[in-house]
2 protein chains.
Amino acid sequence: MAPLGSRDALPGGMNPDLASERLAASFSVELLTASLDGGAERTRGRRAIVEAIESDPVFSQENQYFQSQNEKYEAAVRRAVYLQKKIRAMGWTQNGPEVQDICRCLSGDIALVLHRVFMRSISVLGSDKQIAKWIPLATDYQIIGSYAQTELGHGTYLQGLETTAVFDTATQEFILNTPKISAMKWWPGDMGRSATHTVVFAQLYVHGKCYGVHPFILQIRSLEDHSPRPGVTVGDIGPKMDFQHADNGFLLLQNVRVPRENMLSKFCEVQPDGTYVRWGSQKINYFTMTSVRISILSDEAIVPLMKACTIAIRYSAVRRQSKLKPGEQEAKILDYQTQQQKLLPQLATAYAFHFINTYLHELFNKGYQDIQAKNFDSLPELHAFSSGFKALITQHCTSGVEICLRACGGHGYSLLSGLPSLYTRIIASCIYEGENTVLLLQTARFLIKCFMAASAGQRVPPSVTYLSSVKSGKCPAKDKSDFLRPEIYLKAYEQMAVRSVTKLQHLIQSGVDKHDAWNQCTVQLEKAAKAHCHYITVKNFVEAVENLDNKAGIQKIMKHLCDLFALHGIFSNVGDFLYDGHLTAAHMDLVTASYLDLLAVIRKDAVPLVDAFDFTDKSLSSALGSYDGQVYQRLYEWAQKSPTNQQGNPAYDKYLKPLLQNTLSKL
Amino acid sequence: MAPLGSRDALPGGMNPDLASERLAASFSVELLTASLDGGAERTRGRRAIVEAIESDPVFSQENQYFQSQNEKYEAAVRRAVYLQKKIRAMGWTQNGPEVQDICRCLSGDIALVLHRVFMRSISVLGSDKQIAKWIPLATDYQIIGSYAQTELGHGTYLQGLETTAVFDTATQEFILNTPKISAMKWWPGDMGRSATHTVVFAQLYVHGKCYGVHPFILQIRSLEDHSPRPGVTVGDIGPKMDFQHADNGFLLLQNVRVPRENMLSKFCEVQPDGTYVRWGSQKINYFTMTSVRISILSDEAIVPLMKACTIAIRYSAVRRQSKLKPGEQEAKILDYQTQQQKLLPQLATAYAFHFINTYLHELFNKGYQDIQAKNFDSLPELHAFSSGFKALITQHCTSGVEICLRACGGHGYSLLSGLPSLYTRIIASCIYEGENTVLLLQTARFLIKCFMAASAGQRVPPSVTYLSSVKSGKCPAKDKSDFLRPEIYLKAYEQMAVRSVTKLQHLIQSGVDKHDAWNQCTVQLEKAAKAHCHYITVKNFVEAVENLDNKAGIQKIMKHLCDLFALHGIFSNVGDFLYDGHLTAAHMDLVTASYLDLLAVIRKDAVPLVDAFDFTDKSLSSALGSYDGQVYQRLYEWAQKSPTNQQGNPAYDKYLKPLLQNTLSKL
């Protein structure tokens, strides 16, 4: 059964080099897709949504690679606005799984996404009264919201924000100002040209005392004609590496007043006389960001990696270049070990992250419920998880996409391959919602703290109990097949993570000044946090595979991918594993042998494994990655539509002709 | 003395955070610049050229971040054409060091660069008669040349090219065809819209026999009106990740005839009766590519890394974020160990590659002279060098630029930082002129061959004699300061490289089928080739430092950078060094300690070290990297010039207003 009807068809039909790959699948692609979706029912639902959107010309992205920044923005607004119509027309719900399917289908090339963050901020941080006032307005799009936190001078370090909100008891208003150029809000999405309102973060001052950063609802543009409100200067921050469709904005505020009721006050409040009252942790103000970090992982990091793998692996099964042995036919590049070593670990990573993402979402849904019930106990662990995994996943997905791009050689460099735009977009995920190094150090701080608490006999969250319970020892593996046993490689990861953390704890404790000691260990602390998250990812993959259905070959191929993910991590970080002698050089030879063997095994299922991600040709937008594998034909056809071939060549008459005819001097 | 007058000035003046960095320099920036240039005289000459070009508005790149592909192309042609005028007006020579300075100054954003490759091909591969006919035409730009080698279906594997050239004895012509879609020429620069001629590579057939790939001079467009010649279909391949200014083209040929004299025939010829005669190695046909690989390294890889370091390090000395200790002022991000660990190894790498580039150019100039004298002995070593170093240098420079980009956080992601365009451009260098993996395997083949020859007592080139002469042994280092002794770390690198190669030689020899054995080792062969090139780079850096002038602190700071480059390589590849026990885990702790110490030492000179690269503000085109450090002011001013702020917002009337006023359904 073909997974989807909505695939482009070229007269050449299916490339036989792809057809043969699919015939050889060791498992049922359709069942794996259903498993990834969370059931066949969800797969059907998702496909119906994809079909509804892709068949509607309003959502076409056919010209995306030929558009200017202004054209991309306009198209993204058009899609966002018509999507609201479509959602109503189709009777889809705004908060169900459908939204997730729509986002995946539109690849995020849509405006007004910050509107949802605006609403979420109000829902999480607003009082019941604020929610009752603002959420219906936002739901009906009578206002368009944004989220104004980052400033020109401060990003990750929120305590350093310089925008001020001074309470004026006389008028019962807050006076908002960006008192210097570095205080200007800079980067907020949808703010440059679209939003009418925003949640703005500012240092709260009452009677001259600073109470730290708080969120305020602020109208920035007229609802009549969209002009900036008095005291507001707002615009677009200009061209970026990608996200050209998004109007990231700047915002200057000069004595802009908002009523007292506009400070979001579920957890704290300024009373009419200026008394500041707080319930619960101040850290809750950052919870929106914490949860956004987790919510973006799938669409902004894992799905792009899956797409890049789909494109690169299909292309590698079609592209033939050079020969494995003299006299043979030219080989598919996927048959070269070096190509397998580039692509297949990325494929394994995409699956590993699919499973850890499910785990993180479950953890956060539970945490969110606790917090709604004003139980903040899980906040430190949630924060450490969201920080560390956001960093680990975005980092690996970004480098994975880059590897896929480069693995397609010159054609990967053409925008028409779809790979450059995946890369220029995903790299932003390493920076936004918390810069990765800073995030990893926050995770490291949590780990060190937990390790010390556990050593002192105190209770720590289950995810970190291993830090104090693991006994060191030598790896018992004797044969390369031993490294296909999860208990063997899990133990190696566990030891490596424990050693990284415990060693640093000693270094930090031994320092005279604890801040100096910390600052001199940050390079190694960052590594330790990665080691911890990497270990948890491998462990979770092992557990997920154990829980999979054993039918139709799915568990078996997933076990191979899990092994590959684990062994690739060892193969790529040999030093960390050799360091304390748990593994020896002889073990590393076994790991290498097992790892290279696995490449050859998984290679056979590589195309079916990317088919199971079930991307339509339209959502891949790739001349290299289409289902039918007609790559050369498609490159040529798409290139002919480029403005470079459609709009003539004024440079000839102006410059080339005079040069060639030696009349330049007369110009 | 300020190095250059041509710096932008903002009313704010010099940012004091940059001024203080410069006051603290431990060496003379001006003398280091002169040393990098090859003497103060060369520095003066270069600056005069930069001044002449940057002061001429024709060459302005002020709007580069706001332009479409067509606009970029037109601007690049304009610059190329006016450059010819300028060169004549200024009396600059076409082949002297001035061309190098011009290229560096224009950052390669210029059209008609393949014209030089076209000329070089004819000079290297053409007979005296062909040179006499074509070179003057090209020199005067009566024709514009290109270089058509790569096809849609074949890039690196030249033997697989599918374009054919069949000799027709009756008319004394070659009949050129691209017989299928994959045979279409695809990627040649300057061909899509500019060139009138090209050197086209095709399989030569005479009397039904194939003689392999040969180069032919072909006219593709009319010299009257620039229309494609009969039988020629030519156009642009469309948008790319970068190089939007370059009209990379496609070319289809249908029975296009060229006279017998158009086959480049310095080394072989088809005689009138169809007899095929050859003098010298067929491999000489690839020598153009081999030498191009070396000639691009500076402008396309090393200079971009130097620019990225300049931008990121200056910005990191100006950006303050968070605190090293509570109660202190916010710290410059360059004071964080994690930031130093990102940027300073890239700085050391830029210097290491500056020196290896000098070495490679000397090697190639000598090789070129030998080949002109029809002595081909050095070809295998030159080929191995050009392949391995092209791969190593482009790979490290690309990842270095990416690290610099990400180290600047959100602002690095703005095109206005100058970093995204450096990255999207440099990544192409990993792909073009030979894909890096393929190139490394060619180097590996050479190494294995040399190792076997040396083991059998045969003479091998001096660069590889170490493979058979090194005795294994334990590292004698006892203290972290021992790892600042070049003989200690050089020995470690040498052993690591030797082990990588010799181990594989055993694996390959032990295989039943030598092709299978080779194919199953390619992942490790690639690593071995990198290890060899890395070792040579460290060794060359050590020797270059020894030869430096000991005055004005230059040798001392270069020694620090050399140590950092070497230790960073060990720190980042611990497993390779631990593997055979030459270094132990205890050694690694010493390496780590020395490495982290060096970061703190070099950090003090980081800004002067990038100042010494002597880039003007115009050539950096970066709001973050300007000499005066007024980053926030410049970001804001540049953003306001963006078309997103200048061209209105049609999306409001079309989509946002109806949405907000709930009139969407009426549309």
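Quick reminder: no glycine exception, Cβ is built from N, Cα and C everywhere.
No curator has checked TrEMBL annotations; they are predicted automatically.
What TrEMBL annotates here:
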{"type": "ACT_SITE", "residues": "B:Glu433", "note": "active site, proton acceptor"}
{"type": "BINDING", "residues": "B:Thr150, B:Gly189", "note": "FAD binding site"}
{"type": "DOMAIN", "residues": "B:29-144", "note": "domain 'Acyl-coenzyme A oxidase N-terminal'"}
{"type": "DOMAIN", "residues": "B:286-448", "note": "domain 'Acyl-CoA oxidase C-alpha1'"}
{"type": "DOMAIN", "residues": "B:486-661", "note": "domain 'Acyl-CoA oxidase C-terminal'"}
With CB distance below 8 Å as the criterion, list the recorded positions among B:Thr150, B:Gly189, B:Glu433 that sit near chain A.
B:Thr150
Cβ neighbours of B:Thr150 (FAD binding site) where a neighbour is any other Cβ within 10 Å:
21
Among the recorded positions B:Gly189, B:Glu433, which residue has the largest number of other Cβ atoms within 10 Å of its own Cβ?
B:Glu433
Under a three-state reduction of DSSP output, how is the residue listed as 'active site, proton acceptor' classified: helix, strand, or coil?
coil
C-alpha spacing of the residue listed as 'active site, proton acceptor' relative to B:Thr150 (FAD binding site), in angstrom:
10
Between B:Glu433 (active site, proton acceptor) and B:Gly189 (FAD binding site), what is the CA-CA distance rounded to a whole number of Å?
12
Looking only at the domain 'Acyl-CoA oxidase C-alpha1' (B:286-448), report the model's average pLDDT.
94
